[in-house]
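The UTP binding site feature in TrEMBL is assigned to 130, 193, 224, 255, 400. Here TrEMBL flags 225 as substrate binding site.
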């Protein structure tokens with residue numbers, strides 16, 4: 001049976017359809033929306049009375065997203081209409097001025113720091129929120145963030161608040177964890193992003209039977225970080241911070257250890273480095289693309305506005321162009337600076353129309369569902385006067401896999417007030433390319449068990465490890481090192497070994513005697 005979603009996705013193609021077919025599709029869409037509305041009303045009836053007003057707001061948001069999904073015909077970007085980035089659209093970080101020390105406190109008091117904290121640590125084999133995984137000296141992502149902001153507040157006698165956007169997956173655990181920061185000089189606020197129902201690919205109706213989310217967690221999902229704007233407003237925090245005289249928020253993923261408050265960028269927004277009469281409403285930090293980043297979103301000029309282009313929006317025949325380092329030099333770090341009053345204006349005008357990402361999933365019971373998501377950077381086109389800033393690579397240090405964890409735990413970095421600083425002993429500022437085999441290294445506990453201690457990586461360029469490999473104490477890896485234990489073999493790298501531009505394969509076991 002052809003699912004309703006398949007009919008609708010075919011409508012999105014380029015082919016022209018006869019008018020009677022078109023009318024049929026229009027009727028199908030109207031019908032789909034009406035049936036969804038009815039189902040959402042029925043779902044709301046099952047919710048606790050105290051929660052109904054908040055859930056009603058959320059379901060209105062979902063209905064609007066679903067309606068836009070039904071309306072979208074064809075690709076969101078026509079490749080031939082992409083324009084060259086105008087002069088000055090992307091500022092070089094080195095062109096920014098450092099503010100006078102005396103001005104910094106005043107600027108910091110107009111800032112709110114927001115961390116996206118909705119993700120779980122499951123991909124790295126950990127339970128609970130990803131932000132509570134220890135990353136260095138037994139400190140978690142959250143510990144490091146709190147330390148960074150407390151240091152700013154103490155150094156400049158400022159009051160920068162930290163706001164965490166949780167999801168229904170991370171909220172309860174995060175609330176327990178943040179109690180330990182009570183004595184710190186940081187005010188912490190939390191709010192939840194929306195919780196939307198997954199819809200069946202066949203019927204386009206929610207698979208959830210009631211609002212008991214814990215009982216049927218697979219029927220619900222957090223709709224991507226593009227949901228930040230609406231949820232932030234719904235929480236009342238946007239209004240509160242505007243009333244306090246705050247002007248900008250700095251938003252980033254909590255697992256990007258390079259995303260610290262940057263005084264020079266703040267100075268461009270609020271200080272003596274401001275240019276022109278109009279305020280900058282939106283800043284996307286981008287950095288130079290390398291071959292490791294070819295899938296990352298990029299900045300383009302389209303219909304006289306800067307906007308984010310993600311690989312999912314690219315027609316198949318242009319994917320190689322998109323990945324080209326020459327054509328698209330930058331990629332989005334997801335470090336975003338946005339003006340609060342502008343955010344409120346766009347939300348109130350209901351013009352926050354971010355591209356919809358259609359994510360197909362199959363549930364454990366085999367049911368095929370879709371979840372509709374949006375990305376936070378895609379809102380750039382909805383603001384006036386947006387710019388990109390080409391920042392150093394050090395501002396993009398995400399920990400998505402244990403290979404990233406290996407780098408941040410190593411002597412490549414030292415820790416200073418919660419921020420990671422690259423060792424001056426490293427001759428060049430690029431981070432090494434590390435690939436660790438999924439079967440033996442993908443889970444944090446297993447990964448840690450394979451190193452007696454983290455090797456010296458100061459002179460490493462490239463490391464590939466595959467198979468059953470362990471490392472003794474005090475190992476040093478330099479240049480390009482490839483270690484491959486074939487199936488059934490095991491390689492133990494001995495304590496104190498120095499491997500420089502080496503390929504190790506076969507079987508090498510060190511036995512205690």
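The count begins at 1 with the first shown residue.
A Cβ is built for glycine as well, from the same backbone N, Cα and C atoms used for every other residue.
Cβ contacts within 10 Å of residue 255 (UTP binding site), excluding its own Cβ and spanning all protein chains shown: 22. Sequence-distant contacts (6 or more apart, same chain, Cβ under 8 Å) of residue 130 (UTP binding site) comprise 119, 120, 121, 124, 141, 170, 254, 255. The two recorded residues, residue 193 (UTP binding site) and residue 225 (substrate binding site), have Cα atoms 8 Å apart. In sequence order, 116, 118, 165, 193, 253, 334, 374, 375, 376 make up the list of same-chain residues 6 or more apart from the residue listed as 'substrate binding site' whose Cβ falls under 8 Å from its Cβ. Residues near residue 400 (UTP binding site) in space but far in sequence (CB under 8 A, at least 6 apart, same chain), listed by position: 123, 255. If you count neighbouring Cβ atoms within 10 Å for each of the binding-site residues 193, 224, the highest count belongs to 193.
Counted over all residue pairs in 130, 193, 224, 255, 400, the record's binders of UTP, the longest Cα to Cα distance measures 21 angstrom.
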